[in-house]
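Pulled from TrEMBL, these are the features on record:
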BINDING   122-135, 158-167  acetyl-CoA binding site
COMPBIAS  238-252  compositional bias 'Polar residues'
DOMAIN    1-188  domain 'N-acetyltransferase'
REGION    237-280  region 'Disordered'
SITE      Q57  site 'Crucial for catalytic activity'
Amino acid sequence: MEFNFCINDVLPHRLNCIDGSMLPDSFESDDRQMIAECQQKVAIILDKIGVSSGIAQGLQTPVTSSDRLRNSDHKVYLLTNPDGDGGDGTVVGLLKIGHKKLYVFDAAGKHHELTPICVLDFYVHESMQRAGCGRMLYEHMLQAENINPEYLALDRPSEKLLGFLKKHYDLVHIIPQNNNFVVYDRFFSTNPDLLPGYKNSAKIDSSRAAGKSSFSITPASGRALVSRPVGAMDKMMDSNTNSNCYSNGQSDSPRHAATPRSSCAASVVTEDTPEAPVQSDLKYQHQRLCWVTSDDHERAESY
């Protein structure tokens, strides 16, 4: 993705992190004019690649934009190609993450109030797909956040993302939820310290850098799930009730076309709603649990 200014001057590294300040993590200057110019160019980058990501996912409203990131606690990781556009550099992909307060069901059907890091947007430009760019971007984020992939919640992931996670991180079994988010069984099963006493802890693989994870968890306290419209994940599950797997065919309709999402997750907890009862058909939902098959390998390669 090309721009009418030098990307390498704004994003000097191949992997860059942008936070609510609208400045790259490598930016060093106290000059107000330089700060303003850099912020303006970063905003242009985020808005353009955010629109491309939304189009690729069939969204009516982009998930990533400068307005939504500005002064928030979210982060956007950007991957560039320094040699592109005649040496000025191009932007290859984005990965947006952020904390969300959610209610999440565990495998036993018990719901918990969590504030995990969530994957909110993930996109690699079409010209750079099938080149390992997505894996590079995702792995950099995991190391920078010091977190394992199973401890992330996914905001309405596409079939491509599900296939990507299966291929590279062996994430397969999904615990059905009553919101827009997807979590895997290892979200709980590989981290037993999370449940007893609701401790604020998360075990990090020895392959990750040492340090405290930014994952947090607190007990439920009479708050409820906010209802949401039927989404892509629901349709995928409903279409596979008797097959125990996701469809391997390519959909003709764009993802989320019927249920565009806003920048805020539909599952954000409210303070004044009554406690939500555990659904009576939760056991049935678990029986309907399905996972991505090996035929999704090609879709996973798109990242």
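Numbering starts at 1 and runs along the chain as it is shown here.
From the backbone N, Cα and C atoms, a Cβ is placed for every residue, glycine too.
Feature map: TrEMBL annotations on the structure.
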| residue | record | Cβ neighbours (10 Å) |
| --- | --- | --- |
| Q57 | site 'Crucial for catalytic activity' | 23 |
| F122 | acetyl-CoA binding site | 27 |
| H125 | acetyl-CoA binding site | 19 |
| M128 | acetyl-CoA binding site | 19 |
| A131 | acetyl-CoA binding site | 14 |
| G134 | acetyl-CoA binding site | 26 |
| E159 | acetyl-CoA binding site | 22 |
| L162 | acetyl-CoA binding site | 24 |
| L165 | acetyl-CoA binding site | 24 |
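The CA atom of Q57 (site 'Crucial for catalytic activity') is located 14 Å away from the CA atom of L162 (acetyl-CoA binding site).
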